[in-house]
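Worksheet: the structure to be examined is printed underneath.
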């Protein structure tokens, strides 16, 4: 299985998996036109669409795509059922496509029913975890988001994160405002800034890298607590809440 992506809208990524037989799967098509053009140009056969959650920049292209390719199966969580989904997925489901198994994990926090799809080594985590950051928390579900990103953190270190937005520089800027002397974050920021200036992307990224530069995956560290003026016994969850609220206002 080969991974590629299309940049759409302002900063979204649509992820595409395809095989040697030119069959493909797309994840979170926020638009239709660019995706259809790509499929036609590559002469791919679209087999399935996977949706992580019900925000328009992730589902906006579904209707037009299935109008063009009516035999496509659309998978998504319960919250996406009005988006032409014909296969509702839930925690623990295993989707068998293109001779591969795709595991479904409930990763709420950004939305109540947000899911992620795991096809080793890739995790398509939508708006749950970003490079250098995490998604906004709606409906005050901070513990849900905390659990979700820590679940992703628990995956094998060689896991490849396929996030849905190019927010990396902004996230690293925030991280440096918290930890201005962190050499790993500063070095990675310079690397990604150069990539972006060359019209390259920062994604996908390994979980191994994220554990080093993503402060939302480091909320148990004494250095972060000290930098934020918190007591040593402040819980990782409390640190996460404070970080996420500060990022909202950054």
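Including glycine, each Cβ sits where the backbone N, Cα and C put it.
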Listed co-binder of Zn(2+) 2 (same site as 57, 58, 165, source Swiss-Prot) among 20, 127, 233, 248: 127
Close in space, distant in sequence - residue 57 (Zn(2+) 2 binding site), Cβ under 8 Å, 6 or more apart: 9, 12, 30
Near-site residues: Zn(2+) 1, ref 53, 55, 110, 127, CB cutoff 8 A to centroid: 52, 54, 58, 111, 114, 126, 128, 135, 164
Distance [Cα-Cα, Å, rounded] between residue 53 (Zn(2+) 1 binding site) and residue 165 (Zn(2+) 2 binding site): 14
Distance from residue 127 (Zn(2+) 1 binding site) back to residue 165 (Zn(2+) 2 binding site), taken between C-alpha atoms, in Å: 8
